[in-house]
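Positions annotated as Mg(2+) binding site by TrEMBL: E58, E60, E115, E122, H171, E259. According to TrEMBL, the feature ATP binding site maps to E110, F125, R126, Y127, R242. Taken from TrEMBL, the feature L-glutamate binding site applies to N166, G167, R224, E230, R242, R261. The domain 'GS catalytic' annotation in TrEMBL covers 35-370.
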Amino acid sequence: LDTFVIFPWRPQQGKVARIICDVYTSDRKPFEGDPRYILKKAVEDATQMGYRFDVGPECEFFLFNQDEDGQPTTISTERAGYFDLGPIDLGENARRDMVLTLEDMGYEIEASHHEVAPAQHEIDFRYDEAVKTADNIMTFKLAVKTIAKRHGMFASFMPKPKFGINGSGMHVNMSLCKDGKNIFDDPDGELGLSKEAYWFIGGLMKHMKGMAAITNPLVNSYKRLVPGYEAPIYIAWSVTNRSPLIRIPVTRGEGTRVELRCPDSAANPYLTLAVCLQAGLDGIRNQIEPPAAVTENVFEMRMSQKNKLGIEELPADLGEALAEFEKDEYLQNVLGRHATEKYIEAKKSEWADYRAQVSDWEINNYLYKI
C-alpha cells in the first residue's frame, strides 16, 4: 500500500489512484519474469551485504506539437536552448504544471529546466531507494505525458527523435549506504572516494557492454550514443569532465555518488537499476579495480592514446549490444533464465525487423546513383 497515490489531474468526482503490484504465479510464488521482482532480488543481495542502494535519475524528454487530429509529431517551432526561459521556452508553462503535479503526488523536485536541444526538457526528483525510484520513474513518465497533452503538446521520451540535435537520456546517480553512511565517501582519499566506490566503478565498467542491451534497449537508443551530442560512447570514468561514460559529480560527503550517463528513458527502470546494482556489487565482491580516471576529453584523444589507456567503446547498435549481453553470464543470472530468454527473443526480433527496413536515407543516397 505504500505505492498508493491519487492522480491529482483527475476530477474530484471519480478520482483515480495508482498502486503498484508484484506479479505472482497461481501457486503464490513470485513470477520470475517480473522486472520489479528482479530488482527486489538485487536489492536483497545488497541488503545481505549491509548496503542500501540509493538512486537519483535525470529524466530528459521532448515536448512536440500534435497535428490537427491530435496525433504526435516531431515538430516544434521552439528555438530555446540550455536553461532558456519564457517566452523563448514554449514549454515552460507545461513543465511548471508537471512540477506542481508531481509535488502534489509526493515527489521532491530538485531541478526543472530547458535542456540543450529545442523543445527538450529535464525534471529531476530526489533520490530514494532503488525500488521506489523505479516506481517513481514509471509514474513520472505517465504524469509528464498526461500534463503535456493538457497543454496541447506531446511528451516523448524517445532517445533520439530527430537527427542533428541532442538526444534524451536518463543519467543514473547511484550510491551505497551502510549504517546510515554513504560508503562511497572517503575524505582522506585522493579524489574523496572510498575503495568500495572504485570497485563499484570497476564492476560497472567490466559489465557495461552487456548492460547496454538493458540500459539502451531500442534500435533508436544507439542513434543517441554518437559523437557530437554530449552522449557517452567510451567506457571510461572521470571526475573532471563529462566526456566519459561514468562521472563522479563534484559533491562529496553524503552526496558522493557515481553517475552512469548512457541509460535512456526507454529502458525498463527495474531492469536497469538491477543490472547497475549487481554489476557494482560484483566489483565490490571481487575488488575489481577500474583503470585510471581520464582527465582529458575522450572525444579529442587520438586513437593511439585511447588504445594505450585501454579505453573501449559501447556497442554501436542493438545487435552488438545483444551479442555482448549473451556473452555475459553474470548479467543473465541477474535477470534469471526466463527473463533473459524472453528479453533476448523480443529484442532480436526488433533488431531483425529494423534491419529489413529500407530507410529514407538509403533512398535519398542510393536510388538515383545506383
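Backbone N, Cα and C atoms are what each Cβ position is placed from, and that goes for glycine too.
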Around the recorded L-glutamate site, report the further residues of that chain (criterion: Cβ within 8 Å of the mean position of the Cβ atoms of N166, G167, R224, E230, R242, R261; site residues excluded), sequence-ordered.
G169, Y229, A231, P232
Integer mean pLDDT for the domain 'GS catalytic' (35-370):
96
If one measures from the C-alpha of Y127 (ATP binding site) to the C-alpha of R224 (L-glutamate binding site), what distance in angstrom results, rounded to a whole number?
25
Hey, does DSSP put R224 (L-glutamate binding site) in a helix, a strand, or just coil?
helix
Could you check which of the binding-site residues (E58, E60, G167, R261) sits closest to E110 (ATP binding site), going Cα to Cα?
E58
Roughly how many angstrom lie between the C-alpha atoms of E115 (Mg(2+) binding site) and N166 (L-glutamate binding site)?
9
Let me spell it out: for each of the binding-site residues (R126, H171, R224, R242, R261), count the other Cβ atoms within 10 Å of that residue's Cβ, using every protein chain shown. Which one has the most?
R224
Among all protein chains shown, how many Cβ atoms are found within 10 Å of the Cβ of Y127 (ATP binding site), not counting that one?
19
